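Here's the structure, in structure tokens; my notes come after.
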Amino acid sequence: MTKDILILAVETSCDETSVSFIKNGRDILSNTVLSQIESHKRFGGVVPEVASRHHVEGITTTINEALVDADVSIEDIDAIAVTEGPGLIGALLIGVNAAKALAFAYDKPLIPVHHIAGHIYANHIEEPLTFPLIALIVSGGHTELVYMKDHLSFEVIGETRDDAVGEAYDKVARTIGLNYPGGPQVDRLAAEGEDTYSFPRVWLDKDSYDFSFSGLKSAVINQLHNQRQKNIPIIEANVATSFQNSVVEVLTFKAIQACKEYGVQRLIVAGGVASNKGLRQSLADQCKVNDIQLTIPSPKLCTDNAAMIGVAGHYLYQQGRFADLALNGHSNIDLEEYSAE
């Protein structure tokens, strides 16, 4: 009989303090998330210093709550997985140091996890990953297309050349006058409007899987500025719809084309923007037409959480990819360099 593998996972890369216990790479025994949205809302975005202070205040309580929810003890675990980057360095260090302290105190292996690898493996909780596949990464800091031929094998075939898609959403939301976090607000508003603006679709070079959203973002900002200068009424829902349609069309087209070119029948979506209803519907429609299997995590697993770190950590554990107590946080880590040999 195969022994169960129990991973304690810690995630503090941005503005959520999260701790999870994952059994055998898919079973979530607990996934505690302490959100900081209300604290950052008055600033219109995440303030790194504020985020770090909240992590310091909440990490111990979050660990204890996750332990109670999972009904396990730390002595039962096989290893401790923690996000080492990319992310806000101050925030990362809180989680890394907490994980190192536990690893030292309980003599457990320490597993460093790439934050984007975690987002990818959130899909494995919904449905086991089958390879090869294409992963579309859409978040506040990343927009990438990744080809995977096996577990922990990452080949970045496309990425943003300027703004990440989530960053563009937040800036457009602020220009419209919506509250933080802007992405979900734009998505909700887009469902009520009509596509009345001819905002650009940026395709870049022929056959390129790279993205660019700065031009689209600027077009929206300039359009609203000009209308306000001329006292022309603005229908915010129409702005949101037109902007979102431009974004979704490009993301969907490039993801489907990548699947076709690489000969894969599996597309997964990862990152906070994967919660976007417009994007989810567009991908579902086009995957159905092209006979591609689509997996998108439930919204609660799209945003930052420790469960996804624990799932990725499970496969790193199986490969024996451990760190010593000199582990540090890193604001930038290349996903391909992190890839298994």
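Note that Cβ sites are derived from N, Cα and C of the backbone, with glycine treated the same way.
Taken straight from Swiss-Prot:
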type    : residues                                                               : note
BINDING : His115, His119, Asp304                                                 : Fe cation binding site
BINDING : Ile137, Val138, Ser139, Gly140, Gly141, Asp170, Gly183, Asp187, Asn276 : substrate binding site
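Separating the Cα atoms of Gly183 (substrate binding site) and Asp304 (Fe cation binding site) is a whole-number distance of 15 Å.
In the three-state DSSP scheme, His115 (Fe cation binding site) falls into the helix class. DSSP assigns Asn276 (substrate binding site) to coil in the three-state reduction, placing it in neither a helix nor a strand. Among the binding-site residues His115, His119, the residue whose Cβ has the fewest other Cβ atoms within 10 Å is His115. Just so you know, the Cβ of Gly141 (substrate binding site) picks up 21 other Cβ atoms within 10 Å once every protein chain is counted. The binding residues for substrate are recorded as Ile137, Val138, Ser139, Gly140, Gly141, Asp170, Gly183, Asp187, Asn276; their greatest pairwise CA distance is 18 Å. DSSP classifies Ile137 (substrate binding site) as strand under the three-state reduction.
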